[in-house]
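**Q** Pasting a structure here, questions to come.
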């Protein structure tokens, strides 16, 4: 067992070392404080010169913490903030520099320039005037005088712009604000006023640009987010509208305008998402109904109605409802004649309705606005083949059925046509000859349209019975040989039992 006396003796031997360390630490605090600040300033300057802004900023932070009354530490840090584009952070540091050293003209000149960019014209003019009274260098005097003149001119333009805006001359106001913002690039009030002008002028893209800048330049700018959300909503961009109004509510959950608008946009967004899921699941009729509900939710916004009709057009075309699709697509194209997606959907609907010339025309128009679209190219080639085919013979028309007819419908139509055009029903030689040709066409139509492979080829614009192709010619010849010299009903000069299957 270790004795207490032994432990006490060991501890006592460490006391001199502990006292030395405490003494060294105390000396460092007492005598090394200023040296540490200087070293941070020096290292920060070197890093700034090397472009290592983040590292330089860390050293200037340390210098400010080490000596809160050293104006140069604040000035250096402000320089880094400006180099990093953080003018909001630089401004308080420059103000602290001027507070600690009122005759530091470089800091005052820089603050004046920042205030001018922010639209703080009175404060900027005050700084420029104080620079001119403080025995500045020639360069500083020239800059201060120039900036002061510019600030005076901007003051005059601001007054004119407000007058133009008040008198509802928005075009003139926007032009005047353009000049103001060239100098006062961070002026929130000017950007918001110009955004209002753009909204009235119908230049929504420019309004959005100004409001986005205003939302970043001013803290807690709920009104900018609300206006952005309403603009996107009126443009039919429900996703962006929802995103912007959520930003408003993050800043102020009780904002009445934003909350009311949020409920409307959220409901609409949910309906549209549901409709798109139905399209993905190929439940096209349900998707159409859902988009009809969208138009009832928001009956007053043109672009939302246009969006709903565009997607209804697509769903109807995909659902093989060509007639309805042509009508709905046409409504969209009257407002947006260069809408490539709607042109493609209507072209497909025209194909379903066997209006091949119109389909070709729509595909050609779409191709003018989207030259490298493979879907357009393939659709156009198919429509052209079908148009050419329609000028020859059309098996669907021969049987009197739609292109989307089921096999049962085709067989039923075939039986009806075969009975009607049976050659034994006609006595006159010319009529009988015509009936025989018609009867063969009916039989060929039935063979093509009840065979999945042959029907698919025909639907793509290729006639499997076309004698122009080798395969088609052989089949065609074989088919004719099989039908020559027989009676499908087993009477008269023919002797072949007609097959109704």
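Heads up, the Cβ atoms here are built off N, Cα and C, so glycines get one too.
The domain 'J' annotation in TrEMBL covers 394-462. Here TrEMBL flags 452-488 as region 'Disordered'. Sequence annotations record features per position, and here TrEMBL assigns repeat 'TPR' to 37-70, 71-104, 105-138, 222-255, 340-373.
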**Q** Taking every residue in the repeat 'TPR' (71-104), what is their average pLDDT?
**A** 93
**Q** Would you mind splitting the repeat 'TPR' (71-104) into helix, strand and coil residue counts from DSSP?
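**A** The composition, in the requested order, is 27 helix, 0 strand, 7 coil.
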**Q** Which residue counts does DSSP give the repeat 'TPR' (105-138) for helix, strand and coil?
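**A** Final tally across the stretch: 26 helix, 0 strand, 8 coil.
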